[in-house]
């Protein structure tokens, strides 16, 4: 049976022989005469224990807990709330004497840069977002490729999760306007550790899906010659979509439950009774969601099966190998053209979408007058929408057998429409994220655009990644989707400073979405599979040659001494 443990080395040896057996395939250039190819060993040999139902369910449970509502929703809202309360009208002297609440239509600044220098509070929020993404880039580069090697990759997720828990519980001590800088620091730290845990946990899904019983069965059928490679790849693609989409459905179910729990906590402490209680409500909400995550993470920490990567090459160490391997991959980037083009496209796309969400969040928080309760209602709508939207998208894909790439492009177009709607707000306050009903509508449709876009963006990336190198390449995706997404916030911050109108940033983010949406049409998963197979062969040859040279130098040095 396919779902039993692969205990005997004999089965591995059998598969290895099959993987290196010449397989006859018709060559159109030779009038049907067979052309012999060698199947990619790394692509078809099972690498870990078969996935059990209990393990898959625990994977979904972790995703439900690691939903981000505390890490980058409530923490960001608390930061925005406190910095607005600390803000003042820069046109009234002495500076700091007129709070922003006196005249909400006037500019709202905080002291920034020393002395009497000031900056728009919305600009500072965008800068914090940019710093968060930049810090993530350093984490992903240094840790990313290491997680593919050795036995310690499960501890990457555990380590970042525990750090995030500590930073998020730290928000319980931040609830007054004078602590907005502490709120900013905790927001950055909790966001960095949250996204690190999220990205590295997300990188597990291709390996988990490849170890599902139905995929192992398909692998056996391929190696026995009963199905063609195209059918095998279709089943793999559907398995990846299944794990990714159902995971994201549960992620948003957890998101909605956290919102409901937070709503109960807000009512219990009387968050609507005063500004002080509203501030405290945000801090409590972060803690409630963190506790929810801790509980749901435990099953995965207990039931995750070991899927060790290859041993670290001789002569390397864990402190330097991450940078070395990333540099080697960067030099080989042009040989993985489809993956490279997608990373470039996603660099722009994620920047545009993330910045669009930030701009809408700033406008939403202003319209609801920073109310924790109102924001929670909208967050719950967003979570419910994402669960329904993602599951609905997967159902449609499975029913009509639509390619993952086509589903991704449909959601990308929806995200473009969201940004274009914000552009209208430049010229009128009737529509364009100026009114409460627009934010209800935005959060209600979120799952069908930005929610499903995230899910299919990850699933499509899995079709462009060399097998066995998921952590490293999803780290690169994390860099371009989060770690490098500082351009949009920083540019939008400059646009806001220049024009004094936050809606003037929407044309820029719309362009960031439109350009990669067009570019993705030209990316081919079929070409990518060939490029990935060649990449793995070069990696084995080049890194092994470098390691042999390194060991030779060491022996020579020892002999001379």
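Residue numbers in this text run from 1 along the chain shown.
Keep in mind that glycine also has a Cβ here, set from the backbone N, Cα and C atoms.
Annotation source TrEMBL lists transmembrane segment at 120-143 (among others). Among residues of the same chain six or more beyond the transmembrane segment (120-143), those with a C-beta under 8 A of the stretch's C-beta atoms are 76, 79-80, 83-84, 86-87, 100, 107-110, 112, 156, 184, 187-188, 191-192, 195-196, 199-200, 322-323, 326, 354, 358, 362, 475-476, 478-479, 482-487, 489-490, 492-493, 496-497, 502.
The feature transmembrane segment is assigned by TrEMBL to 155-174 (among others).
Sequence-distant contacts of the transmembrane segment (180-201), counting only residues of its own chain at least 6 positions beyond either end whose CB sits under 8 Å from a CB of the stretch, comprise 62-63, 66, 68, 70-72, 75-76, 78-79, 82-83, 85-86, 110, 124, 128, 131-132, 135-136, 139-140, 143, 147, 153, 156-157, 160-161, 163-164, 167-168, 170-171, 173-174, 471, 474-475, 477-478, 482. Here TrEMBL flags 180-201 (among others) as transmembrane segment.
Look at TrEMBL and you will find 248-270 (among others) tagged as transmembrane segment. Counting residues 6+ beyond its ends, the transmembrane segment (248-270) has Cβ neighbours under 8 Å at 60-61, 63-70, 74, 277, 280-281, 284-285, 288-289, 292, 296, 372-373, 376-377, 379-380, 382-387, 390-391, 394, 447, 451, 454-455 in the same chain.
Residues annotated as transmembrane segment in TrEMBL: 282-303 (among others). Here the transmembrane segment (282-303) has long-range neighbours at 54-55, 57-59, 61-62, 64-67, 69-71, 74-75, 77-78, 81, 158, 161, 164-165, 168-169, 171-175, 254, 257-258, 261-262, 265-266, 269, 372, 376, meaning same-chain residues at least 6 beyond its ends whose C-beta is under 8 angstroms from one of its own.
Under the heading transmembrane segment, TrEMBL lists 340-362 (among others).
For the transmembrane segment (377-396), the residues of the chain that approach it from at least six positions outside its boundaries are 67, 69, 73, 241-242, 245-246, 248-256, 258-260, 263, 364, 368, 402, 407, 411, 439-440, 443-449, 451-452, 455-456, judged by C-beta separation under 8 angstroms. Marked as transmembrane segment by TrEMBL: 377-396 (among others).
Residues or ranges marked as transmembrane segment in TrEMBL: 408-427 (among others).
Under the heading transmembrane segment, TrEMBL lists 439-459 (among others).
The annotation transmembrane segment is assigned in TrEMBL to 471-496 (among others).
Positions annotated as transmembrane segment by TrEMBL: 502-523 (among others).
Contact check: the transmembrane segment (502-523) against the transmembrane segment (408-427) gives at least three Cβ pairs closer than 8 Å, residues 6 or more apart, which meets the contact criterion.
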